[in-house]
Every structure is written in C-alpha cells, then in structure tokens.
Amino acid sequence: MGPDLRFGACKELESDPALFTLLVEEFGCNEVEVEEVYDLDSLDTLSADSLGLIFLFKWASLPQPTRTNGSRRNRNRLESCPDGEATSDENGNVAFDQGISKRIFFAHQVVPNSCASHALLSVLLNCSDRLNLGAWLLEMKEKLCMIEDPEVRGYAIGNMPEFIAKHNRFACFEPPSISELAGATTTSLGQGETFHYCCYIPCEDSLYELDGLKAWPINHGNTNGQWLEKAKKVISHRISRAREKDQGCHDIRYNLMSVVPSRKLRIGHELGRTQSELLERLRVINKLGLLGKVADLEELNKARADLRSALKIADDLKVNGVEGVKEENLPSDIADYCALVKQSCDKYLKLRSRFEEEDEKHLRYERDAERRGHDYGRFIHKFVEFLHRNGSLQHVIEESQSNMLLLNRMRKKPKSFS
C-alpha cells in the first residue's frame, strides 16, 4: 500500500542551514537553529550543547526484499541480523532493536521528498526535555507517541496537511511540469543524483542513527560521554567505505549540519542580564551626582569620559533621573566604580551589536527564502517579450554567446605559477 498523498507531495529542500533554521521556526520551536559543519575535524570544537547532527549523503538503493503479508511496506533492512541491542560493526552490519521505539521517537518516511523534515523532526522530538518545542510539535509528539509502530507513525505524519505545508513553504519554486513528477522518497537536489537525509542523536549514553528509510534506529554503541567524537568516527568510516566502493566518490556528496541552541536567544538572555546590571550601576551614578559631598569631585572629573559613555547608555535605556538608591549601597571608591560602569557599558554595547548581527542574519534568511520560492518565470517571460518587441533580443543572445566563449577560453588557459 503506497502513501496517501491527498495533501500533496513534499518538495525537495536544499541543504542549507538557513532553510533548516526557518523550518524549525515554522514548526513552532524558536529555541534552536541549524548551523553548517564544514569538516569533521570541527566536530571536536563544536559546542557540547549540540542536540543532533543532520547528515546528507548520496543515496544508493539496495535490492528490495521479498514482500511479506502483502500489506506491509518493506524497508531496506538486513533481515538476517538477530534481534537485540546490537551495534553496527566495522563492516557496517547492524541489528535493529524493535523495542527501541518505546524509548526513542522514530518514524518511517513514507511521504516523497520529506527526508529533510523527517531528519529534523527526529532530532527535535527526541530532545523535548531540553527545550520548548512549541504547541504544534508537542501536540504532534503526544499523538505520535501513542503509536509504537514506526511505519504507522510515518503514515500518521503523511496524513498531516500542516506537515506538508510547513515543509513546502521553504522549497524552491518548481514549474507544474516538474512538480507533477515528484515521486521519489529521497531528494535529487537538482543534480541528477539522489540524496537523502538522516540524523545522529545521543540517547542513553549511546549514539543513534535515525533514518526513515531503515526499519529501526541503529545503535552505534556507547559514547562514553563524548557523542560528537563518536559521531565523527561513524561518519568518517561511512565516507571511507563509500570511497572504497566508488572511486569517484568525493566529499562534495556529503553535507553535515548541527542543531544547536539559538544564538540569538542566548545572546538576548545575556543582554537582558547585562542591561539589568548596567541599570543598577547607572542608578548609583545618578545618585552620586546628587551626593557630591561623598564623592571626590576631582577623581570624578577624571572619569567623566567613562561617565559620559555611561550616561549615553542611560539615555538609551531611559534611566536618567532615576532615584531611590540606598546610601549604604553606594561605592566607597568612586574611580573603581566608574571603571565598573565602563566595563558594563562595553559589555552591553558588544552584546547589543552581536544581537543586531543575529537579527540581521535572520532577516537575511527570510529574504533568501522569499527569493528561493519566488516564481521568476513570469518576469523572465515578460522581459524576453519586451526585448523581442524592441528588436534587442538577437543582440542580447549574441553578446551572451560571445561572453560564454570568452569565459570558456579563460577556463582552458593553463595557469602559470611563479
């Protein structure tokens, strides 16, 4: 029985951390973001707060096993593997623990091209104790966890119109003729090759691989508290094995992303704490201005540059004229306290700058998403018609061909090294 696609099929998603970050937010979770891991060695320096890894690889389908019972959707699995909590060995052979779905959220992927969202859901729904998922994901998990069969879970996800709509919101625009051809379980990324997403997560001090096209989660063994180091070895071995089988295999066929706590949210919290600290110190400074008898005016004048900076921040925070600071809380050494105020000002300004950078980054993500999903076909059609009516089309074509020939010559020209 094939999946019910009355709500439409999922479209292909690019392997872009910005897109995945927006997809997380579309799911209703604002506490995490997705960042790219540029090489496996950088996993050594990756924050221990990482919630999971999303791995993109070239998909090579295995021979389909003989169908049994006529009603079950068969997966690419190793039927000869014994039951039990066995891990993958050096040859890549694995055993699946069918009872593991009671401890880990795992669902089969039955909706075409939904592997990106499946991998992301597999990370998020397995760390609900570490972050606020949001109402939509919490409701989804509550409903799906009542189902123990991963295959039935997969069909349940496929029958959620919200899931399809959220997934497709950030897909590239596809002409209808291409959209109608969507029918692969994996994604081709427009390269004529088929790619697939899976994820790696830590659970119960073990590393698990969750792949919606596999029968059950794969336990890669104990992590000894260093799950990222374990993941590095597993992924590195996986790439090495692929190279042995295919000499043309290269790293460009892989992409790795990490799901981490939101930097914007973390900086925002730190900014709030620093703001409160600065407010209190500025209240003291304002009070000192009223109590000149307790201050060394000469020393205070020496620090007026620091105070001017502090008062500039005070204007920004709207705390000028604040009164009510108890005299026993006033500092005994004015110069030292001015230095503390300057330190708080500098910290606040740096954090505010970083927060604005994160905010701008997010706005850039949204602009790119709008461009990615926009239909430029109509504009191009009108533009070509305009050139044709004005008699400029042939000139533009010839100029473009000339530029292409020049570019090809430059590419073929041998490079000289001194």
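Every residue, even glycine, has its Cβ placed from backbone N, Cα and C.
Where the annotation comes from TrEMBL, it is an automatic prediction and has not been curated.
Worth saying up front: this structure is predicted, and the values here are computed from it rather than measured.
Pulled from TrEMBL:
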type     : residues : note
DOMAIN   : 9-261    : domain 'UCH catalytic'
REGION   : 65-90    : region 'Disordered'
SITE     : Q109     : site 'Transition state stabilizer'
ACT_SITE : C115     : active site, nucleophile
ACT_SITE : H196     : active site, proton donor
SITE     : D211     : site 'Important for enzyme activity'
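Nearest in space to the residue listed as 'active site, proton donor', taking C-alpha to C-alpha distance over the recorded positions Q109, C115, D211, is C115. In the predicted model, the domain 'UCH catalytic' (9-261) has a mean pLDDT of 78. Counting Cβ atoms from all protein chains shown, the residue listed as 'active site, proton donor' has 23 others lying within 10 Å of its own Cβ. Of all the Cβ atoms in the protein chains shown, 28 others lie within 10 Å of the Cβ of Q109 (site 'Transition state stabilizer'). For the recorded site, H196 (active site, proton donor), the DSSP three-state label reads strand. For D211 (site 'Important for enzyme activity'), the number of other Cβ atoms no farther than 10 Å from its own Cβ, over all displayed protein chains, is 25. When Cβ atoms from all protein chains are considered, those within 10 Å of the residue listed as 'active site, nucleophile' total 28, not counting its own. Between the alpha carbons (Cα) of D211 (site 'Important for enzyme activity') and Q109 (site 'Transition state stabilizer') lies a span of roughly 8 Å.
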